[in-house]
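A.B. asks: Found this in TrEMBL, in case it helps:
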type	residues	note
DOMAIN	32-197	domain 'FAD-binding PCMH-type'
ACT_SITE	R175	active site
ACT_SITE	C227	active site, proton donor
ACT_SITE	E298	active site
Amino acid sequence: MAINVRNSGEKINLEELLEYEVPLSDHTTIHTGGKADCAAHPSDFEELRSLLSYAEEQQMKVTVLGGGSNCLISDNGIEGLTIVTTHLTRLHISGELFCVRCGLSLDRAIDRSIEAGLSGLENLGGIPGTIGGAIFGNSGANNVQTSDLLYYVDYMTLDGKLHRMQTHADEFSYRKSPFSDHRDFIMYEAGFRLIPTIQTSDARLRKEEAKRKRKLDGQYDNPSLGCVFKNPPGHVAGKLIEECNLKGMQIGGAAISNRHGNIITNFNGKATSQNIFDLIAHIQAVVQKEQHITLEPEIQFIGRW
Ligand SMILES: Cc1cc2nc3c(=O)[nH]c(=O)nc-3n(C[C@H](O)[C@H](O)[C@H](O)COP(=O)(O)OP(=O)(O)OC[C@H]3O[C@@H](n4cnc5c(N)ncnc54)[C@H](O)[C@@H]3O)c2cc1C
């Protein structure tokens, strides 16, 4: 049965879109966490708008999930509606403007930009996750931040209205964007002003090299969320953790990586999100006591914490 949706010219079959009691451990790269009360994977603008309209009518809390590579999802799940963006993947190119839906994986987007003779994003190669997640936390690597070439972001507010934010690099900082404090903004499309290049094979090599370095570092060996803490000004979080002799420490199935102090892994596939949460709290307490430095998590805590 099709449900009529308010403020929409079209009828979208929400019953086909909505799923209930959806296990989320496969929606995060660390493979922990409970269920979404209700989840949906919109694949276009109208579906997204209809879902928001439905959530507003039903007074459901809305949570957005991209690739789940920076989110620790509570074992008690996520209340309300979880919108998973990974089916929002279209892109179009106009000259040097590379316009991409926010659910496309960053890695795939880089490949597509190079195929189109555009460069600039290669150093971000191998970062898991989506364009939306990369903008939210201003992901960066190898001296490039997502904000460097970002030109605009189209986002929806919970009332289903679409807005355009013309972005400026100075509104972004280390792991922070104008979206970080707005969990009620759902990024739909982003435009990057890239650099035209005829040296596409060089760009491809740079991207593959960035990814290869991550593989060599063992970043993909065990499920993780990448770096757990931000680097405090003047310090490297992983080094502080290592200096406190915490590498290798375990709580349940969660362990501090032996290779990188700032990475927690689900080493035996049996960790709970609570194990990871407890390990994070322990690291913070020890580093505070021994080094007098407060470590701030880089990861997002999602759901019923
Ligand atoms: C092995 C590994 C290596 C990593 N290396 C790096 C690195 O080098 N540099 C780095 O910066 N990060 C790194 N990360 C962290 C992570 O991959 C990035 O932060 C990534 O950009 C997150 O994207 P995501 O789609 O997975 O976001 P998610 O984890 O799904 O979400 C993160 C936050 O963004 C919000 N969000 C996501 N999409 C949208 C949207 N469309 N609209 C509104 N809000 C949205 C979510 O609500 C959440 O609050 C690494 C992670 C792993 C597992």
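Every residue, even glycine, has its Cβ placed from backbone N, Cα and C.
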A.B. asks: Rounded to the nearest angstrom, how far is the Cα of C227 (active site, proton donor) from the Cα of E298 (active site)?
C.D. replies: 7
A.B. asks: Roughly how many Å lie between the Cα atoms of R175 (active site) and C227 (active site, proton donor), rounded to a whole value?
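C.D. replies: Spelling it out, the Cα of R175 (active site) and the Cα of C227 (active site, proton donor) are 11 Å apart.
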A.B. asks: Let me check the 10 A CB neighbour count of the residue listed as 'active site, proton donor'. How many other CB atoms are there?
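C.D. replies: Here the count is 20.
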A.B. asks: What kind of secondary structure is the residue listed as 'active site, proton donor' part of, going by DSSP in three states?
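C.D. replies: Reduced to three states, the DSSP call for the residue listed as 'active site, proton donor' is strand.
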A.B. asks: Sort R175 (active site) into helix, strand or coil using the DSSP assignment.
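C.D. replies: For R175 (active site) - judged by DSSP and reduced to three states - the answer is coil.
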A.B. asks: For E298 (active site), just count the other CB atoms lying within 10 A of its CB, please.
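C.D. replies: There are 19 of them.
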A.B. asks: Tell me whether E298 (active site) sits in a helix, a strand or coil according to DSSP.
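C.D. replies: E298 (active site) sits in coil per DSSP, no helix or strand.
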